[in-house]
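Going by TrEMBL, these are the annotated features:
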- Cys339: active site, nucleophile (ACT_SITE)
- Cys189, Ala190, Ala191, Pro192, Gly193, Ser194, Lys195, Asp221, Asp286: S-adenosyl-L-methionine binding site (BINDING)
- 1-15: compositional bias 'Basic residues' (COMPBIAS)
- 30-40: compositional bias 'Low complexity' (COMPBIAS)
- 420-436: compositional bias 'Polar residues' (COMPBIAS)
- 836-848: compositional bias 'Polar residues' (COMPBIAS)
- 71-483: domain 'SAM-dependent MTase RsmB/NOP-type' (DOMAIN)
- 1-46: region 'Disordered' (REGION)
- 411-453: region 'Disordered' (REGION)
- 818-848: region 'Disordered' (REGION)
Amino acid sequence: MGGRRGSRTQRKHFKESRENVWKRPKTDSSSDPNNPNSNNTAWQPFATQNPSFDEYYKEQGLVSPEEWDAFMDMLRKPLPAAFRINSTSQFCDDIRSLLENDFMKSLQAEANEGSDLEPIKPLPWYPDNLGWQSNFSRMQIRKNQTLERFHEFLKLETEIGNISRQEAVSMVPPLFLDVHPDHFVLDMCAAPGSKTFQLLEIIHHSAKEGSLPDGMVLANDLDVQRCNLLIHQTKRMCTANLIVTNHEGQHFPGCRSHKNISNGSETTNKLEPSINQLLFDRVLCDVPCSGDGTLRKAPDIWRKWNGGMGNGLHCLQIHIAMRGLSLLKVGGRMVYSTCSMNPVENEAVVAEILRRCGGSVELVDVSNQLPQLIRRPGLRKWKVRDKGVWLASYQDVRKFRRNGIVPSMFPSGRNYMDPTDNSQKSENVENGNSEDVAQPDDPVSSSDNLEEEVSDLPLERCMRIVPHDQNTGAFFIAVLHKVSPLAVLAAAILDKSVSAQQNLSTKNDELHEKWSDQVTEEINGLESSSADGTDEKVEEVASEADGKISEVASEADEKISEVALETNLVGDGPDGVALETNSVAAQAPADKKIDSAKAGEKRKLQIQGKWRGVDPVLFFKDEAIINSIKTFYGIDESFPFSGHLVCRNSETNHVKRIYYVSKSVKDVLELNFRVGQQLKITSVGLKIFERQSSKEGTSAPCAFRISSEGLPVIFPYITKQILYASPADFKHLLQYKTIKFADFVDAEFGQKAANLMLGCCVIVLREGGKTSSDCVQLDTSTIAIGCWKGRASVSVMVTAIDCQELLERLSARMETEKGTLAQEISGEPDEKQDMSGENINLNGGTQC
């Protein structure tokens, strides 16, 4: 999770919501020797057996009988640790080189000498040797000096953001999304954020050097506490291309605006003002699941597992996946994944998606991608188990269990039911199961006599990763491609919509006739009265009548729109075709007036954008503060300020932090404002400026300092408050944190520091041999940190752990430069010039 900061809330939440299965309470009577009821047995490890689990997966044919023992043996072993190098880090090459040439070789040498240590190794299927795996116990780490050094290295780099700890199989889904830097990506169930971090890496790594990507990632999660964990995880990425929201995945708002709808047929990869709905090029749908693929890292699941866990999540998984597809652009790609082995949560969900979408969505065969990743094809036949009874088809489901067991759980998806059961018939028609029905037979408790169904869909294109193939956890992945607009339950939806429209149209005609008759009577009455003022009164009555009729017509149109939304039908989308919101509680248009009497009947929507417990997101437009920042730092006019600054406080005088957002995020925020702030945003943008609240800070010409996270974005555009330090002075700053002007090794540097204006400044490391007067060429290898120029000293504004990281990198660079200088003196070519200096940017201690 990357470090200690901000984790207290998460630990408290974890303690309250889940029992600690790893530690027995001190008051446990079973282990008390003085208790006569105690059996005096020592603490035993978790039971790694569950007869129901064995029976269930043997029957499903998940693996062949010959490899069953190997499969179960691997499930009972601890899961190796895995981590991923941040490909966008300026230290990416250095860290990879250190792993390959230092830690891996050292541990390999110890293993060759007869040690039981297993060397770290790169994941063979992860691109560019950026994914790694290690398998050590805590006891081994404490006893081995190399392992202890490796462990400390991992902790430091993880907290900085150069490395992310992540289960190996969890790294797979984003690799099959085929994300480009200009893509809008939705992570529907994002917490804890490791996959979101990976997606951000991909769009940044592929973007043009020195510029922000044109795309963005929108990470969503249902739970507020998990959103906090997601924010903490992705904060290490330092990106302006991320929005974090807090919604139910199946009810994620479509942000459909009625404004500019005439231009809605225009489709581009970037949101323009004419776009009237938030759609995505890629969707990652890693849905909530029973999680039995994580048994190796969460052994408490063994005692909790039962066959009904997957059944209870099946419908929710379908709803989330369908909502993801409705938010996906035509031509886009969605990855559906779970960490479960249960076919009811995997192949059954994918099969139902394909049935509902008809030919508008296809299952992509990606068997030729990542060839070194060992995967198995999806199943085409499986059974459902309910209350100890095996069910081969919906025909076998007992009548009183049909609320919990639905046809989509079975391979064929066919709906068998009793023709006399009207309530069941009505329910199944609403669920879209319109196949021919048949009289159900008596249920069979044994699976031996059941006639198995086999799906006719190409489910073998799905991927199953099983633990004993490559010593990992278990995972399921399906790649879906949207080839045309969805046609979800088109007949049922259109029938219901047309019927409602006819009823409302009839009512509209009746009201129109009623008002016309009333107007005629009033006009006739006026004609029979005095002629004085008759024309004015006639016009007044006619005008009032027109207004009433228009109001009734408008109300009827709004009610038709409501019906369309409730029946999963949304009007013309950006591509000029019908788009769906696959949820009865679909997001209502922002400009629609909602009757307060009916507000309780529908899912509550914060139309005003004032989400309870969440700070508002506002564009920062205080020209006085913006101009003072521009003047103080000499920021070039080419830097895009207008519309890219946001804050979370409506009172400008009390704004403490100013955030910077990319063009793509800016467009989404503008769309969100147009639709009444339907998105519940918990985090957005990159903190770029922060108000200095100290006494000395309030007296500075500029009240805002540059944050360490935002320094990489704005640094190329700064022309003032910059100093170039020698390696010795730069190192001393990191070591001692504060240095007086007179104490710098380079006296000229100290004098220049004293001449700076009071406030924030940027200290840049100049190459050895150059003086403070020499001009330094800024590029991707430039090392710079944010500092505070006080009245008598300069202080660094980076954390202690960041200083530690910078000192290690600086030491490596200085050693390399010494070697380079020696080569130049001897006249030899410099072959190692870029070994440690290439792509290094110590931006205030945070690498982005």
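Each Cβ is built from the backbone N, Cα and C atoms, and glycine gets one as well.
Positions of TrEMBL features highlighted on the structure.
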residue: Cys189; record: S-adenosyl-L-methionine binding site; contacts (Cβ under 8 Å, 6+ apart): Asn220, Asp221, Leu222, Gly249, Cys285, Asp286, Val287, Pro288, Ile320
residue: Ala191; record: S-adenosyl-L-methionine binding site; contacts (Cβ under 8 Å, 6+ apart): Asp221, Asp223, Arg226, Cys227, Leu229, Leu230
residue: Gly193; record: S-adenosyl-L-methionine binding site; contacts (Cβ under 8 Å, 6+ apart): Ala219, Leu229, Leu230, Ile231, His232, Gln233, Thr234
residue: Lys195; record: S-adenosyl-L-methionine binding site; contacts (Cβ under 8 Å, 6+ apart): Ser170, Pro173, Pro174, Asp187, Leu284, Asp286
residue: Cys339; record: active site, nucleophile; contacts (Cβ under 8 Å, 6+ apart): Val169, Ser170, Cys289, Gly291, Gly293, Thr294, Gly473, Ala474, Phe475, Phe476
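Highlighted in sequence order, Asp187, Thr196, Ala219, Arg226, Leu230 have their Cβ within 8 Å of the centre of the Cβ atoms of Cys189, Ala190, Ala191, Pro192, Gly193, Ser194, Lys195, Asp221, Asp286, the residues recorded for S-adenosyl-L-methionine, and are not part of that set. Largest Cα-Cα distance over the residues recorded as binding S-adenosyl-L-methionine, namely Cys189, Ala190, Ala191, Pro192, Gly193, Ser194, Lys195, Asp221, Asp286, equals 13 Å. Averaged across the domain 'SAM-dependent MTase RsmB/NOP-type' (71-483), pLDDT for the predicted model comes to 87.
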